[in-house]
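*Asks:* The following block contains the structure, expressed as C-alpha cells.
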Amino acid sequence: MGKLVLAAIVSSWVIPITIIVNHIVPEPYMDEIFHIPQAQQYCKGNFRSWDPMITTPPGLYYLSLAHIASLFPGFYCVEAASSFFDMCSASILRSINGVLAVICSIILYEIIIHLKPALGDRKAMLHAVVLSLYPLHWFFTFLYYTDVASVTAVLAMYLASLKKNYWCSALVGAFAVVVRQTNIIWVLFVACTGIIDISLMYGKGSARTAKSDVSIEHDFTYDTSAKGVNLKRRKSVKTLNTAEHSLPRISASSPSLSSGLVEEIRATLLTLWRMKWELINSFSPFLMVLMAFLLFVYWNGSIVLGAKEAHAVTPHFAQILYFSLVSVLAQAPMHFTFTHVVDLFQSFWRCRPLSYIQMFLALIAGIFSVHFFSVAHPYLLADNRHYPFYLWRKVIMAHWSIRYLLVPVYMYSWLSIIHMLGKVRSKLWILAYFLATAAVLVPTPLIEFRYYTIPFYFFVLHCNIRDDQHWLLTGMLYVGVNIFTMLMFLFRPFHWDHEPGIQ
C-alpha cells in the first residue's frame with residue numbers, strides 16, 4: 001500500500017509539470033538536440049546511425065523504444081498516432097523519465113525499508129518523497145537526458161544486491177553501464193560493499209563465539225512498546241545472511257571503531273580467503289560485467305563513444321571538494337545544526353591514529369591545493385545555462401581570497417560526511433565509497449552538479465537520520481530550489497552564448 005501511495009504522490013507533480021514543460025518548451029533543449037534525433041533514428045529502425053557528438057551508450061534509446069512500444073497500441077486505437085515513428089516526439093521521449101522517476105522513488109523506498117527495517121512505512125515514505133525531490137534528480141525528470149535512467153538503474157542494482165539476488169543485480173548493473181559508462185564504478189562498488197558486509201558479519205559472528213566482550217547493538221527500532229521489543233528480539237536471532245545489510249549502531253567496544261583501518265583490512269582479507277569459493281560463486285556475475293566493459297573499452301579505444309578529443313580523461317581532484325560541499329548543502333538542516341557541529345568536533349578529538357577521520361584528513365589535505373590551480377572545462381565556461389557557470393565565474397573566480405575561504409568549508413563538508421557514515425558503516429565501507437566517488441568524479445574535467453547525484457544518494461541512504469523535522473526542512477529546501485529552477489528554465493530565455501576569448 002505504501003508503494004502505491006508513494007507512486008501517486010510522485011506522479012502528482014511529475015504529470016502536471018511534464019505537461020507544462022512540453023507546452024512551453026516543446027523543442028529539444030541543450031543536450032536534447034543530440035539525444036532526441038538519435039532516439040528518433042532508432043524509432044525508424046536505423047540502428048547503425050550514430051551522432052558522433054553523443055558520448056554515452058544507447059541504453060536510454062533502447063529503453064525508450066520499449067516505452068513507446070507499450071504506449072503505441074493505445075495511441076493507435078484512438079487514432080492519435082498512425083505509425084510507430086509518430087510516437088517518437090520530444091514529449092513522448094521525455095515521458096520515459098517521468099515513468100522512471102516514479103519507479104526510482106519506489107526503489108528508494110525499498111532500499112530505505114531494507115536498510116532501516118524499524119523506520120516504519122510513514123517515515124520511509126517521507127524519506128523517499130524528499131529524496132525524489134532532490135533538485136539534481138528532479139529537474140532532469142522533465143528532459144530527455146540519461147540522468148534519471150542512470151540513477152534508477154544503479155539504485156535498482158543496489159537493491160537487488162541488498163536482497164542477495166546477485167545475478168539480477170549484475171544484470172541490472174550491466175544495463176546501467178549501457179546507459180552511462182561511468183556506472184561501471186558503481187557496479188564494482190556494489191560488489192565490493194556486498195563482499196565487505198558479508199566478510200565483516202562473518203568475522204563478527206566468529207568473534208562472538210570466541211570473545212564475550214564484543215557486542216554489536218542493532219538499531220532496529222525506537223519503539224518501546226511490546227511489539228517493538230518483540231521485533232528487536234526476533235531480529236537479534238536472525239541469521240547473518242539476513243542481518244548483514246541492516247545499519248548497525250557500533251558500540252564503543254566494537255573492533256570496527258576502536259581498531260585501525262589497517263587492522264580492519266587485514267582481518268577482512270583473512271576472512272575473504274576463508275570464504276573465497278563462496279564469494280567467487282556469488283559475485284562472479286559482477287566480474288563478468290567488468291570483463292565485458294574492459295573488452296568494450298579495448299574495442300572502442302576509449303571510454304566515451306563520440307567527441308573523444310573534447311572529453312579526454314583529465315584529472316580534476318577539486319571535484320571531490322565540490323561534491324562534498326554540494327552534498328552537505330543539500331542536507332543543510334542536519335549538517336549545520338549546533339548539535340551536529342559539536343558532535344563532529346568531539347568525535348574528531350577522540351579519534352585515534354589511523355582512524356577514519358584522520359585518514360581522510362590526510363587525503364583531503366593532499367588534494368585541496370589542486371583546487372587553486374583548477375580550470376573549468378571550456379564547455380562549462382561557454383555555457384551560461386548551468387548553475388556552475390555562475391558559481392564559478394561570478395563567485396569562486398571573483399576574487400582569489402574566496403577560494404581560500406572555501407577551503408575550511410570543503411574540509412568541514414568531508415568531515416561531516418565521513419562522521420555521519422562512520423556511525424553506521426565500517427571504515428572499509430567508507431574507504432570503498434570514497435574511492436568509488438573519486439573514480440567517478442576526478443577524471444571528469446566538466447563541473448556538472450548532476451554527476452553528484454548517485455554518490456549523494458548512497459551517502460544519504462546510509463545515514464541514520466530519523467528526525468522528521470530534518471526531513472521536512474530538507475523537503476522544503478528542495479521544493480524552493482525546484483520552483484526557482486523551473487521558473488528560470490521556463491520563463492527566462494537562455495542562449496548558448498560564447499564569451500570573448502572562449503573557443
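Backbone N, Cα and C define each Cβ position, glycine as well.
In case it's useful when we look at the structure, here is the feature table from TrEMBL:
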- 5-25: transmembrane segment (TRANSMEM)
- 59-78: transmembrane segment (TRANSMEM)
- 90-112: transmembrane segment (TRANSMEM)
- 157-178: transmembrane segment (TRANSMEM)
- 184-202: transmembrane segment (TRANSMEM)
- 279-299: transmembrane segment (TRANSMEM)
- 319-338: transmembrane segment (TRANSMEM)
- 359-380: transmembrane segment (TRANSMEM)
- 400-421: transmembrane segment (TRANSMEM)
- 428-451: transmembrane segment (TRANSMEM)
- 471-491: transmembrane segment (TRANSMEM)
*Asks:* Sequence-remote contacts (6 or more beyond its ends) of the transmembrane segment (279-299), Cβ cut-off under 8 Å?
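*Replies:* Cβ under 8 Å, 6 or more out: 164, 166-167, 169-171, 173-174, 177, 181, 184, 187-188, 190-191, 194-195, 198-199, 272.
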*Asks:* Considering only Cβ pairs under 8 Å, which range in 5-25, 59-78, 90-112, 428-451, 471-491 makes the most contacts with the transmembrane segment (184-202)?
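*Replies:* Answer, by Cβ pair count: 428-451.
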*Asks:* So which residues does the transmembrane segment (5-25) touch in its own chain, when a touch means Cβ under 8 Å and the partner is 6 or more beyond its ends?
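*Replies:* Here the qualifying positions are 90-91, 94-95, 98, 101-102, 105-106, 109, 125, 128-129, 132, 141-143, 486, 489-491.
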*Asks:* Verify whether three or more Cβ pairs under 8 angstroms connect the transmembrane segment (90-112) with the transmembrane segment (319-338), leaving out any pair fewer than 6 apart in sequence.
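*Replies:* These two stretches do not touch.
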*Asks:* Mind checking which residues reach the transmembrane segment (157-178)? Cβ under 8 Å, same chain, six or more beyond either end.
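*Replies:* Same-chain contacts beyond the flanks: 57-59, 62, 107, 110-111, 114-115, 150, 184, 186-187, 190-191, 193-194, 241, 245, 282-283, 285-286, 288-289, 292-293, 458.
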*Asks:* Which sequence-distant residues neighbour the transmembrane segment (59-78)? Criterion: at least 6 residues beyond either end, Cβ under 8 Å.
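*Replies:* Same-chain contacts beyond the ends: 35, 38-39, 42-43, 84, 87-88, 92-93, 95-96, 99, 144, 146, 149, 153, 175-180.
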